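Please read the structure below before turning to the comments.
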């Protein structure tokens, strides 16, 4: 049954037509639906947390989404401006009776949606914010007393009992011609230096088709030289496929107990934490750790960022990130631990650098991962457990295949030399280690102990 003559659906991080909750709701409840994407200057103009690789991935996904609309004889209107002004003008020009969006969870997103909702209240039209991005909503996966889970395993055991909605095909309904308005040409935003991972639903569906290759994921996922991860994270961030589609495809192809499903719940967990405790953006979750006396040496930070620390596994990871917009998850943990525990540089510096370079940058997940590595977050790595980069590279890149790929200066040297670079480094263009891991890890433990006491 329709409730509205004409509605507006706004695309954000849901760049697909299939299994799109807000779009389906709009089509079911409206006689006609107009669809738009708004380039918010606050997001696309340069700012400290902007990821150029993520922006390029988004633009590729937007191209693909426009084609999805064309294939259905519909139109996606692209505009630029402040969302509340765009929506207000659109409503008044077209007689819109309802606005539909899919819900988002960061402080920025919530404030933006509050302003949009206020516009709808002012104009006396309906506002629909739909659950779409997560397996479970932050209000669902709570303890019996209504409090928030702060330990992942307990959260996971509870959340897994909540049924995951089945993917839905596009609802019956009618798209209508958008209003006459200045369209935004986003071609100038595109660069040749895009990420190695391409955006768009077709690319995501190709990953689904290749999931059989991840049957050994549990045994191979920690080895960065192997093509053993799903590469779905950026597609889930921008919604080229839904989390429900990903969940059921993985379950069907790889089995109900596959560890990749657990990774989807880590994504939910960090998003729920950021939703319930928005102060984590800028503060340690464990607030006493705001007082940690970080060294924050800029020269050492730039050495880390540019892959010049003399720790091969760390430098390989940072060079991969800088070149491709991606870094293997095991190496993300190693590089993050090294910045915080070996160089004593604030996790906020690393959080910002990853935000600027990751193609799959998700504010909630990035923050959660950094606070986990820094031992400042909820259910974090204990501060006295510190990744030893020498042991990590021996264990997970024993033949140095990954290191050779990203550090050509080391290709002339055998793995036995590379794994003992801290004891006897060779004369070449690659630097000696900038710190002593054993010494600096002891300093890190003492720093945390002093703050704890």
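Sequential numbering from 1, following the chain as shown.
From the backbone N, Cα and C atoms, a Cβ is placed for every residue, glycine too.
Here TrEMBL flags 5-135 as domain 'Photolyase/cryptochrome alpha/beta'. Taken from TrEMBL, the feature FAD binding site covers 217, 229-233, 263-270, 360-362. Residues annotated as site 'Electron transfer via tryptophanyl radical' in TrEMBL: 294, 347, 370.
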Alpha-carbon distance [residue 370 (site 'Electron transfer via tryptophanyl radical'); residue 217 (FAD binding site)] in Å: 23
Most Cβ neighbours inside 10 Å, all chains, among the binding-site residues 266, 269: 269
Integer Cα-Cα distance in angstrom, residue 269 (FAD binding site) to residue 294 (site 'Electron transfer via tryptophanyl radical'): 27
All-chain count of other Cβ atoms within 10 Å of residue 231 (FAD binding site): 16
Other CB atoms within 10 A, centred on residue 361 (FAD binding site): 22
Nearest of the binding-site residues (231, 263, 361) to residue 370 (site 'Electron transfer via tryptophanyl radical') - Cα to Cα: 361
Protein Cβ atoms within 10 Å of residue 263 (FAD binding site), excluding its own: 17
Under 8 Å by Cβ from residue 347 (site 'Electron transfer via tryptophanyl radical'), same chain, sequence gap 6 or more: 336, 339, 340, 370, 371, 373, 374, 376
